């Protein structure tokens with residue numbers, strides 16, 4: 001890239017220190033213009049007076065010089081660590097603008113790092129996730145991805161596939177060689193089968209990586225006035241939902257975001273399940289059932305005194321879901337093995353339920369040996385590669401030309417994951433998620 005760009009890398013507003021980044025072919029000259037000569041030693045913080053084009057001192061701060069290609073972006077880069085007052089920041093940014101630099105777009109520094117092959121697309125996504133991480137589980141997954149865990153996996157698949165493709169192309173180029181078909185079967189079939197198995201394992205992860213990014217979904221369902229909203233407030237430790245004695249108080253979905261076991265969790269309170277009395281309640285019930293259908297975990301909440309509620313609720317729960325008998329403080333009538341007996345009003349018994357929820361979240365989202373798919377685009381690309389590889393393997397003996405074409409389709413799908421091929425629309429989407437200055 002020919003242009004030199006700048007951006008404030010720290011949050012806007014008043015602060016102790018502000019960091020301003022600069023990258024591009026003109027970074028060295030602009031650093032000299034503001035901080036004077038001699039230029040600082042690479043990657044060594046140096047205290048300098050920063051001057052505008054008229055020679056007036058704007059501030060005294062630390063400057064750093066990162067000559068390319070040994071920088072984050074792969075280009076000549078510099079940083080100015082100045083006092084974080086708005087007037088100081090504006091003065092330095094204006095001086096850089098006057099020197100010929102341009103304001104960076106969102107994610108432009110990271111995009112330049114990608115285009116200069118300092119990072120691949122999965123590592124860029126990992127960096128974005130690390131910046132957004134709010135829980136320990138998100139931090140660990142993002143750091144692993146940023147450090148190249150997915151890149152190494154996908155590049156390994158690609159290399160193995162290209163090796164297998166050499167055998168397929170050999171069959172196509174030398175069809176009259178008597179020993180080629182046997183060599184093809186031996187050299188390509190088994191590696192392709194191993195690749196297919198590895199991809200199946202990668203996909204069959206219960207969407208663990210995506211859940212770590214966006215949150216493990218838990219939905220509270222049950223009849224009106226069963227105490228779902230009270231339980232939500234108890235788990236959230238705040239008044240997130242309105243609680244009254246009037247059945248049907250909750251009409252729309254109320255969400256609360258929590259951290260359990262170091263992982264993000266989204267708990268949803270829903271409308272009570274019953275024959276709706278009006279169109280608004282009917283829509284609330286429809287949304288409740290839809291949210292429950294797509295939840296990672298359903299918690300059925302029933303009044304401990306009502307057998308009728310229990311029978312209806314048990315028909316809506318599946319293996320792995322939890323059943324809560326609420327309002328224990330009013331007297332227990334119904335009994336169910338494995339049910340959690342509690343009073344959401346007083347909090348008695350809620351601790352055991354919370355511990356069980358946390359254990360379920362840990363079990364389903366815990367780190368495993370194979371890196372996790374963290375985005376929908378990853379899953380779709382691997383599914384595309386898997387479908388192409390399956391066709392390729394099935395056609396090895398009878399149609400090697402078609403097998404070769406499917407192998408190339410699989411390679412392209414894998415390369416789209418790391419950004420080896422031209423995927424401009426994907427790049428725009430990924431880098432637009434970054435803040436200015438990153």
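Cβ coordinates come from backbone N, Cα and C, glycine included.
Annotation source Swiss-Prot lists (6S)-5-formyl-5,6,7,8-tetrahydrofolate binding site at 21, 79, 118, 438. As annotated by Swiss-Prot, K(+) binding site applies to 225, 244, 246, 249, with the evidence given as sequence analysis. Marked as GTP binding site by Swiss-Prot: 225-230, 244-250, 269-272. Annotation comment: Swiss-Prot describes 229, 250 as Mg(2+) binding site, evidence class sequence analysis. The annotation domain 'TrmE-type G' is assigned in Swiss-Prot to 215-362.
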What counts of helix, strand and coil residues does DSSP assign across the domain 'TrmE-type G' (215-362)?
48 helix, 34 strand, 66 coil
By the count of other Cβ atoms within 10 Å, pick out the sparsest of the binding-site residues 21, 118, 228.
118
CB contacts for residue 225 (K(+) binding site) [other CB atoms within 10 A, all chains]:
23
Length of the line joining the Cα atoms of residue 118 ((6S)-5-formyl-5,6,7,8-tetrahydrofolate binding site) and residue 229 (Mg(2+) binding site), in Å:
49
In whole Å, how far does the CA atom of residue 271 (GTP binding site) lie from that of residue 225 (K(+) binding site)?
10
Whole-number Å value for how far residue 79 ((6S)-5-formyl-5,6,7,8-tetrahydrofolate binding site) lies from residue 229 (Mg(2+) binding site) (Cα to Cα):
50
Per DSSP, three-state class assigned to residue 21 ((6S)-5-formyl-5,6,7,8-tetrahydrofolate binding site):
strand
Indicate whether residue 118 ((6S)-5-formyl-5,6,7,8-tetrahydrofolate binding site) is helix, strand or coil by DSSP.
coil
Could you give the Cα-Cα distance between residue 79 ((6S)-5-formyl-5,6,7,8-tetrahydrofolate binding site) and residue 228 (GTP binding site), in whole Å?
52
Rounded Cα-Cα span from residue 21 ((6S)-5-formyl-5,6,7,8-tetrahydrofolate binding site) to residue 228 (GTP binding site), Å:
50
